[in-house]
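K.L.:
Dropping the structure in here first, questions after.
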Amino acid sequence: MNARKTITIAFFLVVLGVGHYSMNAAPVIRDDAHTYQGGIEWETDPGTAFDAAQSQDKPVLVYYWATWCTYCERYDKNHYRNETVRAAMDEYVLLAVNVDDPGDGATLARQHQATYPPQHRIMTPEGETVESVEGYIGRDELLATLEKGSEEAT
Amino acid sequence: MTTVVFGLAVGTWLLAIGLFGSVLATVLLGYEYATGDQSFRRVSQGAAGVATGSFVIALLYLTSQFLSEDYTNAYVWDNTANYLPTLYKVTGVYASNAGSILLWAMLTAVVVTTTLLLDRYSTRGARLSQSLGMGVVTVFAWMLVNDSPFTPLSTAYPSVAANGIPQDGSGLNPLLVDPFMAIHPPITFSAYALMVVPFTVGVTHFVAKLRGTESVFDNWLGSMTRWLRGSWFLLTAAITLGGIWAYRVLGWGGFWSWDPVETSVLIPWLGLTAVLHTLNQYRRSGRYAVLAPAATAVLLPLAIYATTVVRSGVFRSVHSFAGGGIGSGVLFLLGTTTTLAVGPAFVHWFRTEQSDAEEAGLLDRATIYHAAVLGFILLAFVSLWGLTFPVVRSLASGVEVSVDARYYNLWSFPVVVGMLLAGGMYAQQERFSTRTTVGTAAAVLVASLVAGVVLARPEWQLASTEPFDPAYYRAIGSLSVVTVLPPAVYFAGAWIIRYVKRVRRLTGRHAKLNETGIVLIHVGAALLIVSVSFVYVFSTTASVGLVGATELDDPGERIVRDVEGSPYTVEVTDYSPENTPTMAEAAMTPAEAGSVDTSASTVLVKGEVTAIQRFEDTTIAQLNGSRVWVGADSGTVQFEEGSVVVARGTLSDPRSENIDALVYTNGDNFGSASDPPTEVYSPRVVDHRFDVQLYRDDTLVADGTVSEQSYRGRDMQTNDPLIERGITGDTYVVGTRTAGGLSIEISRYPLANQIWLGVAVMLLGMGLVFMFDPASGAAGGRNAGPRD
């Protein structure tokens, strides 16, 4: 067998390996009940989220996002993966609604007029909206909003 | 006006004639191939000519409908509006599915018919190839007849048409109002259309092999290489124009974001690049006897796959403007072309004994060349798989996974580094011994890895990774971007040395220009790879909010803010919203207002007051001496003879002998032409312009306007950035309006312009090769100097 054949066979093995490895290594963004924006587990059903909020007495952070939204990627990368932000978000029940495919979140998205991503809302466990963030904001501003929202909503 | 004949619009009849012609040509050409009977030659040529002609006429007809604002055509109404300048009226033609398929069909038909009319493509095998080409045209024609861009408004939108012919269109997607977007689609589709002949010839080749007849592949090799080089040139330009568009218009801060559409168009490009390399070897040495024709044939399905991604809506992306589902037509085309391209080739490969007489060693030039070709295929696979596996996994398990830039970057990066090494070795080996070459390449590899590890400061790393990321991503992501530099320098250097040594021996002018082209393509590619990698890693972004920026209107007033975490200070000195069209431009003339159905509730009219009549409660004023008057409650509006006024109000027919229409207005809805009542006016576009100065450590680095456009009836904004270009990179400022004012984002893109330079060098190189290649250049000249 000559060298060209050898490397062709090696090539196909590499292709299979890359394909298999990369598919399994890809970050999960949604399964049956959750999405995973920025590697954090978010509820997708407002019913479940508000039940949890009431039982834990936590406010709800609603995140409107879309797969093609580059500012959402920045939220994922710059904020949700940050330890301080994550700690502040622990005070919340997290609910993420894909604006293109809102599913159970459709009514809430209409109520918030959230037609473009990214947007955030902070809501009391009873469903009252206390804070709104439209578009992308810096980390300090986000932290301040999260802190303010959790005071207002509890 | 859309004329309907026997239930179909005239334009749709043109498409139906095109369908008939292409079906007839497909069948007759197939018959000619099967039987060898040439008696229908004239008929098949005529049928193909008629089909092509009807597509050309249909496209011109559609364009004329756009230019004349013919809103009886639903597609025109959907994709343009009165306020757009002529250029963007024309680009509306291919702003949506049906129009762009028409463009593609027309270009494909022109290419196929050209081969049919030229005598040099008239062997029996050519008939099968042309039949397949017309078959592709037939599928397009079928799609167009079913989803015609000539559907009357009354059929597509009965509720809109019920109120009479609309005065204005619903508009063009704002993202497409850009000069780069005006030329991007025609260039892309031209590139795709040029792939059709290589596809049919590739398929015909294997059919001929299977049937034991003579193949046309070798005869057509020269012209096919030319088609494909032309296609490569156009596709490279199209991708670049798209990148420039994304950089300037989307204002999302980037020319490449691995958006599904960007990724998908890269797949045929990588395939095309691989094919040009295999054809080069095939022509010289006969290697790749199966791979070269098979890969040639696969390009068209890859292009169709890219289009499926753009248009199907399966993959969400910034290109969703074209969404809305393209139907089964493109999927059918994808299925059949893929089957035809892969099937016969596979059967042939399976049935023949591969006689690899030459024994190539691991470090022979042929082997290294092969490795580089495989590299292109691997890169294409990475892109293809990145688009595909989320769909596969979602279908298989319902789990949705994300594919981010990291996937594409980190899997492609090592392949590119390997290809640079292989390409450098190939060039070096031409003039140096294998031992020297291997030694040099090994040294470069070591330098590359050392640089990659030693210079792996966090901000230089290829990706930021977390401990919970997969091992491969952590390993490659932690390398420094500098890893790419030694192989790229080696690659460019080896090709330049090869060129210098080679060009001395060449005698013909064409041969020298061809060699120059080849070296430019490779050096341009190295420059492109380095600058893209560096821009990716070294770009920085910071943002700041400027509350109250939308209230700046007095001269001298300004808002100054330091941008946290960066050396920048932003100063905003003015805010001015501009309306398109302006209220005075949007207003109708009295003559237009007079022809409007009085059931239309509110109209906007402009004219000179030529007479005034006062009644007890009402004052009315004649406009331009016409039978259209403006009226208001006495005392609310001051009419003055000779003044030009703009008035908005309800239209009524006062049933008077001298007055056809009365526009009843009031103080809030009335003003002079120089000071119209803009508070009650909602323009198609508002351009929110902010004058911005950017200082870096007290030095002014950018001074100009950032703006955001909002659109009536559309829930979207576009942003025009302020870009300060420089040799070391671009400073990029984009402003987004927020509830409190303005949010400014400042990015720095080092080496951004080296990307465009790299592409320009590659295009120049391909232009030279296209023209002057002694074997198959467009400029001819087989007599020019020796090859190899």
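The backbone N, Cα and C atoms fix where each Cβ goes, and this holds for glycine too.
Positions annotated as transmembrane segment by TrEMBL: B:6-31, B:43-62, B:125-145, B:189-210, B:231-250, B:256-276, B:288-306, B:326-347, B:368-387, B:407-426, B:438-456, B:518-538 (among others). According to TrEMBL, the feature domain 'Cytochrome c assembly protein' maps to B:99-313.
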K.L.:
Do at least three CB pairs under 8 A connect the transmembrane segment (B:189-210) and the transmembrane segment (B:288-306), leaving out pairs fewer than 6 apart in sequence?
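P.N.:
Contact between the transmembrane segment (B:288-306) and the transmembrane segment (B:189-210): present.
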K.L.:
Across the domain 'Cytochrome c assembly protein' (B:99-313), what does the pLDDT come to on average, as a whole number?
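P.N.:
Taking every residue in the domain 'Cytochrome c assembly protein' (B:99-313) and averaging pLDDT yields 87.
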K.L.:
Against the transmembrane segment (B:43-62), which of these stretches has the most C-beta pairs under 8 Å: B:125-145, B:189-210, B:256-276, B:368-387, B:518-538?
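P.N.:
The stretch I would name here is B:125-145.
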K.L.:
Mind checking which residues of the chain, 6+ beyond the ends of the transmembrane segment (B:407-426), have their Cβ under 8 Å from one of its Cβ atoms?
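P.N.:
Counting only partners 6 or more residues beyond its ends, the transmembrane segment (B:407-426) has Cβ contacts under 8 Å with 258, 263, 365, 368-369, 371-372, 375-376, 378-379, 382-383, 386, 437-438, 440-441, 444-445, 448, 462-463, 472-473, 476-477, 479, 483-484, 487-488, 490-491, 493-495, 522, 526, 529, 533, 536.
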K.L.:
So which residues does the transmembrane segment (B:189-210) touch in its own chain, when a touch means Cβ under 8 Å and the partner is 6 or more beyond its ends?
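P.N.:
Counting only partners 6 or more residues beyond its ends, the transmembrane segment (B:189-210) has Cβ contacts under 8 Å with 94, 100, 103-104, 107-108, 110-112, 115, 125-126, 128-130, 132-133, 136, 216-217, 220, 223-224, 227-228, 230-232, 234-235, 238, 268, 272, 275, 293-301, 303, 307, 337, 340-341, 344-345, 347-348, 351-352.
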K.L.:
So, does the transmembrane segment (B:256-276) come close enough to the transmembrane segment (B:125-145) to give 3+ Cβ pairs below 8 Å, pairs being at least 6 apart in sequence?
P.N.:
no
